[in-house]
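S.K.: Here you go, one structure.
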Amino acid sequence: MTQSALRHDWTQAEVLALFQQPFNDLLFQAQSVHRQHFDPNRVQVSTLLSIKTGACPEDCKYCPQSGHYNTGLDKEKLMEVQKVLDEAARAKAIGATRFCMGAAWKHPSDKDMPYVLQMVRGVRALGLETCMTLGKLTREQTAALAEAGLDYYNHNLDTSPEFYGNIITTRTYSDRLQTLAYVRDAGMKICSGGILGMGESLQDRAGLLIQLANLPEHPESVPINMLVKVKGTPLAEEQDVDPFDFIRTLAVARIMMPKSHVRLSAGREQMNDQTQALAFFAGANSIFYGDKLLTTANPQADRDMLLFQRLGIKPEEREEHDDEVHQAAIEQALVEQRDSALFVNAAV
Ligand code: SF4
């Protein structure tokens, strides 16, 4: 099925009908679609590193990194490039195929861009897929990231357009869609999804998936997050999502975007093994190890590998890049590593 053969005209009524099927019918349909496009026993593994933490000017009500809320989070300036590359090498050594770097910014500044571009080139030269999430981009910044070899840009829509204003007031839904359009125009892959458990309705969950599936091309990666309730954020007391409703959302995402990787994302650590197994059955085929992987002995990674083993799941191999592009990235990174002055002063 080519991108153009995929559907981009989903209606609210159709999507609600998918959600409202009996659970077993929905899962059977989702698993059937999944098997047409993916090996059902492979799950892609990404690693996430926060390259700049906290003090974000945006007011996303779910986020401990927002400067609007007092969550006791330790703030950190932009990491030095070499430290990021060291963390990427460690992630690769334990099996990650994609390295995602996130910065708590409204948008990257011109001063930060050279360091960010070096990170992309360096991580790519290690043979990892690269992903970044840096906030809103200009067309020029997007082109520079693409030129450096960035594979994916993460920019979540979070929820439906109708509910968005209840969660974030410092930017608009159309800002988000504009950045996604720049990313697509520059030839990069899109990672975009949302969060469940913020007080949204079923209509809002359907609305989010409709926005994603009705983009001119489906995002290659669709993270579906379960709200992690953090003390100090306005959503700290929200009601838990019924795990079956969460699984239903994964299944509907799988049916609507059959060729996308659907990622079981934040909130996974709070799920038991049975819920995670059901999520894989519903068509989720990507996980984050999370950034704890890089800072602790990481019992979570051990638990993940044990669960994979018990379920007969194997990590998905990395997509091969064009060799010439890969070699160019390696050479560029080697040149940059010799320019030590840039590394020393990477932190802003
Ligand atoms: S833009 Fe990102 S880092 Fe900033 S508050 Fe929102 S979710 Fe958090």
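Cβ coordinates are placed from backbone N, Cα and C, and glycine is handled just like the others.
Sharing the features that TrEMBL gives for it:
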BINDING   Cys56, Cys60, Cys63  [4Fe-4S] cluster binding site
BINDING   Cys100, Cys131, Cys191, Arg263  [2Fe-2S] cluster binding site
DOMAIN    41-259  domain 'Radical SAM core'
S.K.: Using C-alpha atoms only, work out the spacing between Cys100 ([2Fe-2S] cluster binding site) and Cys63 ([4Fe-4S] cluster binding site) and round it to an integer in Å.
M.R.: 18
S.K.: Other than its own, how many Cβ atoms are within 10 Å of the Cβ belonging to Arg263 ([2Fe-2S] cluster binding site)?
M.R.: 24
S.K.: How many Å lie between the Cα of Cys131 ([2Fe-2S] cluster binding site) and the Cα of Cys60 ([4Fe-4S] cluster binding site)?
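M.R.: Rounded to a whole number, the Cα-Cα distance is 21 Å.
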S.K.: State the three-class DSSP label for Cys131 ([2Fe-2S] cluster binding site), counting H, G and I as helix, E and B as strand, and everything else as coil.
M.R.: strand
S.K.: Mind checking which of Cys56, Cys131 has the fewest other CB atoms within 10 A of its CB? They're the binding-site residues.
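M.R.: Per-residue Cβ counts within 10 Å for the binding-site residues Cys56, Cys131 bottom out at Cys56.
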S.K.: Rounded to the nearest Å, what's the C-alpha distance separating Cys63 ([4Fe-4S] cluster binding site) and Cys191 ([2Fe-2S] cluster binding site)? Just drop the number here, would you?
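M.R.: The separation of the Cα atoms works out to 19 Å.
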S.K.: Which state, by DSSP, holds Cys60 ([4Fe-4S] cluster binding site): helix, strand or coil?
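M.R.: Its secondary structure by DSSP: coil.
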S.K.: Which residues, sitting 6 or more apart from Cys191 ([2Fe-2S] cluster binding site) on the same chain, put a CB under 8 Å from its CB?
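M.R.: Residues satisfying the criterion: Cys100, Cys131, Thr133, Tyr152, Tyr153, Asn154, His155, Pro219, Glu220, Ser221, Val222, Pro223, Arg263.
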S.K.: Looking only at the domain 'Radical SAM core' (41-259), what is the mean pLDDT?
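M.R.: Mean model confidence (pLDDT) across the domain 'Radical SAM core' (41-259) is 93.
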S.K.: List, in sequence order, the residues of the same chain other than Cys100, Cys131, Cys191, Arg263 whose Cβ lies within 8 Å of the centroid of the Cβ atoms of the recorded [2Fe-2S] cluster site.
M.R.: Ser46, Leu48, Arg98, Thr133, Tyr152, Asn154, Ser221, Pro223, Ser286, Phe288
S.K.: Within the set Cys56, Cys60, Cys131, Cys191, Arg263, which binding-site residues show a CB-to-ligand 1 distance under 6 A?
M.R.: Cys56, Cys60
S.K.: Name them in sequence order: residues not among Cys56, Cys60, Cys63 whose Cβ is within 8 Å of the mean position of the Cβ atoms defining the [4Fe-4S] cluster site.
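M.R.: Other same-chain residues with Cβ inside the cutoff are Glu58, Asp59, Tyr62, Pro64, Gln65, Ser66, His68, Ala104, Ile168.
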